[in-house]
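Everything on this sheet refers to the single structure shown next.
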Ligand code: SF4
Ligand SMILES: [Zn+2]
C-alpha cells in the first residue's frame, strides 16, 4: 500500500492495514457498493455498542468478532487461502463510500471518525509484529525521533514512573522516542506518558498509539475534504441516492421521543416522577430539595422535560417556582435566557433534543457540586444503593441492579430498574420479562407511560 | 462561625447607580493599561494583525445588556468603544477566521475560531464541600490558600511539563483565579489538545453523589509526585488546622465515607465519635493509628490499599479543582484582566508567579480607591496603588515581545 506523494488511486493491496489515503479505482457495481457500505456500517455499529458495554480491549474484540468476521474479514499476509485482494478491496471501497456519506454534518463526521479509528485500533492490535513494522515503515511522512542513550539515562527515574509495569520490567532494553505532546493527546489526557518541556517520551513498544493517532488525524482531514467533495457532487450522480440512504441510517440511531409539545403543565411535572428514569428522578429530587441547580443539570433535566411535552411557557413557570430562593428579577436575568435557549428561542436558535443515555454517560462528567449524569455511572456504590432503597426496592433487586452497574453496564442496569419498578404491569412470559433496552431517558419515560395507559 | 470578615460586606457597590458608569469611564480613561493590553492581544507586532482584529470581545453593559462578537481595528478603536459603552464587564473570546463584527455577513463555515490562549478557571465555589470558613461567593485569607496551592501546582506543570513560558495568573475580582497561557503553541491548541492538558491536570473527578473523587495508582506519575510534594507542604496547616475539617461530626463523617474498608470504618467511627469536638490534628493522628492497627492485623494482605486511600484523601482535600468547560472549548469567553468586578469593585489584577504565597486578594485596590487616589494626585495616573500589578502585566507582555524578537532574528539569519 506504499504510495508516492500525490497518489491518485490505490489499486494494490500489499498490506492488510490501510490508512485509506487514496480513493479506490472503482469499477464496481452500484448495488455492490451499497451493500458493502451497509455491511461496514453494521461493523461500526456493533463496535459502538461494544464500546458502551465493555471496558477491556479483549472483551470488545470478542463482542465485535462475529460481525467483523461475517461482513468485513481481513486476513493477514500469512493466510495463503484467503482471497486477500478481494477482502482488502471491499474494505477499501466500503470505507470510502461511508466516508463520503458520513461527511455531511459535523455530528456524523465525528461519529464515523470515532468508530473507524476504533476499528483501525482493533485491527492494528490483531496484526503481528512483522506486518506492523512493514506497514509503519511504508507510511509516507511518518518518522520517529529516537532518544539518545544518554538522554534516556538522564530521564530514567521519571520515565519509569510514567511507564506501565511491562515497560518498567524491560526498561533497560527498551528504546524511547520523543514527539510533541499534541501528537499523543490521548496518552497525555490519561497521564500515561512522561512530559518534559512540551515533549512526550514513549517507549517504542507504544508506537502503535502514534500510528493510530496519525490514522485519526489524517482521516479527520479526509472527512473535511469529503464534505467539500460532497457539496460539489452532481445531483444526479448515481451514488447520490445511496449516500442519502446511508447517511439517514445514522439518524435512526437516536431515539425520537414520542411526546409532542404542550401536554404537561408545570404543576403536572412532579406528579409524573414515577415515570422518570433514575437520573431524572435524582435531578427532580435535588431541585425540590435545594431550590437550585447548576447549569449542566438544568440542561439535562430541562431538555428531558421538553421531551416529555412541557411547553416553553410551562417550563418557565416550572423553573421559576423551583428556584424558590431567587427574586423574579434575578431569575429573569440569569436563568430565563437559558431556558428559552433550550427551546431554540435564543442564540443560534437550534432546536436542541433531549440527551441520550450515551451522551449523559460518556460526556461532560459531573464535577464537585454537580448533580447531572447517570446514577449508574456517576454515583458511588453507596449512594446508588441508598437511592434505590429510598425508592423502596428490596435487597435482592438492588443487588441485581448494582451487579450490572458494577460491571459498567449502565443502560442494562437502568433497563433492570425499569423491569423491577414496572413488574406489576409487565406481561410476564415465564421468568424472564421482555423490556426494550433503555438507551434514552425519554424512552424510559414513554415506555413507562405507555404501560399505564394500556390498562 | 467565621471570625474573618467576608469580603462582600463593606465594599459592595451599587452597579445600577447612575454614578457607576461615570466611575468606570474615568477608570478606562486614566487607569486601564491600554498599551500593554493591546500589545498582549496583538502578539507584540508593530502593526495591528489578525490576532487583534479578528478577536472577539464581548461587553456587559449596565446589568443585563450583553453584546457579543465585537472586534476592533486597532487600539484606539478599542479604547474609544470602552469609553463610549463603559462596559461593566469585558470578556475575551477566540480569534476567528473573519472579523467577529462581520459574523452576520459571512457563511457559518467562514466564521471559525482559529486560536485562543489556553485558559483555566479555578473557582472557590468548587471547594464548598470541603471548606468550613466561607461558602458561595465569599472568601477569606484562610480559604484563599486553596487558590495558592492550585496556582503552584498548575503553574509548575505548565512550565516544566508542557514547556509554556508566557503564563499570566489573574485574580477574578472575587472568589477565584484565571490563568492565561499565551504561547503561540498554547493558542494554537485544538479543542482535543486542550482536553488533553485539562485531563492531565485533573485529579478530582465525580459529582455531588460520588464521595470518593480521587483514585490514583500506587505509582504516582511524575506530575502527581511533584504535586504531592506541594500539597504536603500545605495539608496540615490548611486542612487540619485552619479549615479544621474533622472537628465536627458532619466533617469527619465525610472522610469516613471515603474508606471502603469495613474494619477501618468501624474502628474509626468508634474512635472519632468519642469526642463531640476534637481538633482535626488529633483526629488525623487517630486515623494513622487505626490504619496501622488494621494493617497489622492483616499482615501484608491488602494493607497497602489503606495507605493509598489516605494519600488519595489528602489529594481530594487539597488538589486543584478546575472548571474544565472553560478550558476545553476554544470559543469559550473568559473575563478580561483589569476588569472591575461588579460586586466587589476590585480590579482583576495579575498575580506574579513567583509570589503566589504573598498575594492578598483582600488588599487588591477597588475602583473607588483608585479614583480617589487619582483625584488626590491627578498629575500621576501611573502612581496609584495599582502600580505593582501594572508592572507584573508589563513584564509579562515584555516576555512575549522578547520571544517575538528572537523568532524574527532567527528568521532573518
Ligand atoms: S441509563 Fe439513561 S435513562 Fe437510565 S439513568 Fe442512566 S442516563 Fe438516565
Ligand atoms: Zn474562607
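Each residue's number is its place along the chain shown, starting with 1.
Note that Cβ sites are derived from N, Cα and C of the backbone, with glycine treated the same way.
The annotation [4Fe-4S] cluster binding site is assigned in TrEMBL to A:279, A:357, A:374, A:414. For A:274-445, the entry in TrEMBL reads domain 'DNA primase large subunit C-terminal'.
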Cβ within 8 Å of the [4Fe-4S] cluster site centroid (A:279, A:357, A:374, A:414 excluded): which residues?
A:277, A:278, A:360, A:361, A:375, A:376, A:377, A:410, A:411, A:438, A:441
What does DSSP assign residue A:357 ([4Fe-4S] cluster binding site), in three states?
helix
Could you tell me which of the binding-site residues A:279, A:357, A:374, A:414 sit with their CB under 8 A from some CB of chain B, listed in sequence order (or 'none')?
none
Give me the count of other Cβ atoms within 10 A of the Cβ belonging to residue A:357 ([4Fe-4S] cluster binding site).
24
Cβ density check for residue A:374 ([4Fe-4S] cluster binding site), other Cβ within 10 Å (all protein chains) comes to 25
In DSSP terms, helix, strand or coil for residue A:279 ([4Fe-4S] cluster binding site)?
helix
